[in-house]
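Below is one structure, written out as structure tokens; comments come after it.
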Amino acid sequence: MNNFSIISEYKPAGDQPKAIDEIIAGLSSKKRSQMLLGITGSGKTFTMANIIERTNRPTLIMAHNKTLAAQIYSEMKSLFPKNAVEYFVSYYDYYQPEAYIARTDTFIEKDSSINEQIDLMRHAATRSLLERRDVIVVSSVSCIYGLGSPDLYYQMMVNLEPGQSYLRDQLLNDLINLQYERNDIGFERGCFRVKGDNIDIFPSHYSDKAWRLSFFGNELEYIHEFDPLTGEKLAKLDKAMVFGNSHFVMPQETVNNAISGIEEELQKRLEFLKSQDKPLETQRLNQRTQYDLEMLTETGSCKGVENYSRFFTGRHAGEPPPTLFEYLPEDALLFVDESHVSVPQIRAMYNGDRARKKVLVEHGFRLPSALDNRPLKFEEWDKFRPQTVFVSATPGPFELEETGGTVVELIIRPTGLLDPECIIKPATNQVEDLISEIQTTIAQGFRVLVTTLTKKMAEDLTAYLQELKYKTSYLHSNVHTLERIEILRDLRQGTIDVLVGINLLREGLDIPECGLVAILDADKEGFLRSEVSLIQTIGRAARNSAGRVILYADKMTKSIDKAVSETLRRRQIQQEYNEKHGIIPKTINRAIHALAEFEKIDSKLDKKQAHTLFDNPAKLKTHIDKLKKEMLKAASNLEFEQAVKLRDQLKTLEAAALELS
């Protein structure tokens, strides 16, 4: 068994050693919930990593959106290169759930686009949890949604070992039951092909490696890992475990039992609808369900099979669905990052899902059992979660109640950076004053973040600043993923000096070059100007030793008073620590340097691969098309650095293709 091992030049410092010891002591004393109050720049992720290494327990880290999940995943991946660090988020690029609008008699069919790369990573996550213990899974709230039963998923697994005998036809049939597709021409993930005595399998958890099974009669002689693009052998394997190409694979016996259960519920529901004098709903439900039953009988699956998941897992009505939490071992550890946002999000998921499906059931589009294909209720999540460490700079009421108000503080930054100075100015003529402050900040070589209350004001302010010749951009929810990383990179590199936003300039935005955060209309109490929102926004200036925050307000609200007081308290604690240890605060610009190096190195193709591609125009075109798809997938998956890298590779290859033509 592998143990967790951090590979880093840094050691815990500041508040980190004390926080790590306190959390581990709490875990050892069987505390179910603990609160890690970690401010911006205090090294929350590094602290979590050290807790994982010391406890040596499989870990799930929940974040409230894909951006933060991807950021934590990337950091954990670099800290634990020898261990399994996995990524588990929703695999939909686009998702329109089926719905019915009664007032207009409009039925909206389910429409979705699955991101193959994320689907691959989800399979890698569940596979790692079933195969090993040194696993860290970084997930969004997607982990509370229904997933295939881990028992069936493991039961259906095909175990392959050289020297063992396998009936060829039975093995091929087993692969088909795992929802692998036989394709002797287009060999891609989730497919297998047969060539003479060889069977090639492209596993669901790989994108660039496949397995070749070499037989002599019925005996499996060798298993080789190879590159599906070039055919080059990469390694010889002692064994291989083939898991399902879907998390909803199941043996035929389970399918047959489920069909019986569905038929029984269908008859009861049809009788009920008839008794309610609903002939249209009766006919609709019978037609739709009979079609699904026919598909299940013939193929073992159907469109929307997840709506019948209760029958496949043998659960009763109202019981929680299997989720990623059932794949976790009993001694697993859970971190809930930015818990002040994540916990309310978990609480809200169930009600929204049920309201939509209830309409579908009432109007004969689905059986009542579809209501059991759902996310966990908050109470169920609370029951299933293992020992938990909530992490936030601004803990919410649930976390404080669970921990009895006791928090483990992570306030002192090893870098010595102070919380920013907070200045309160009148909101009257705030734009004119802001322009003066922007000039001062830009002259110092820093960048400016401005947060407004409305989209209209953000757009107008951006246009006004651009008219005044300030290099300004507007970050909003409609900005595509790749554009977002380009905007942030342009801001860091100085192509943009001012970035205007509404609610996107809070958690997870790491801009060390930011010398000023301006909060317009700070005295307008509400969600965007609450104590939590203000503290999070103020934290955006905490990466810069000269960082300042200006709150434009005509009156002192309770939120402003509490946020500024808490910031001052943290600032004083850091100042005392710096004086005691002789630390001079200094801005660290390591991240942008690392990004530049990342692009510089990875934009270059492997020489051997480039030579092969450039000598074959047809193969070059195929590779260009493949890279375009991967770039779009990376962008949708919020893997910004990967998307930029692929874009730069594409430029090189397209230039080469033009020369060859």
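Note that Cβ sites are derived from N, Cα and C of the backbone, with glycine treated the same way.
As written in Swiss-Prot, here are the features:
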BINDING   GLY38, ILE39, THR40, GLY41, SER42, GLY43, LYS44, THR45  ATP binding site
DOMAIN    25-182  domain 'Helicase ATP-binding'
DOMAIN    430-592  domain 'Helicase C-terminal'
DOMAIN    621-656  domain 'UVR'
MOTIF     91-114  motif 'Beta-hairpin'
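Under the DSSP three-state reduction, SER42 (ATP binding site) is assigned to coil, being neither helix nor strand.
The record gives GLY38, ILE39, THR40, GLY41, SER42, GLY43, LYS44, THR45 for ATP. Within 8 Å of the mean position of their Cβ atoms, the other Cβ atoms in that chain belong to THR47, ALA393, LEU410, ARG413. In terms of DSSP helix, strand and coil, the motif 'Beta-hairpin' (91-114) has 3 helix, 15 strand, 6 coil. Listed binding-site residues: THR40, SER42, THR45; maximum Cβ neighbour count within 10 Å falls on SER42. Neighbour count (other Cβ atoms within 10 Å of the Cβ, all protein chains): 21 for GLY41 (ATP binding site). Taking a C-beta cut-off of under 8 angstroms and a sequence separation of 6 or more, GLY38 (ATP binding site) has the following same-chain neighbours: ALA19, LYS44, THR47, VAL391, SER392, ALA393, LEU410.
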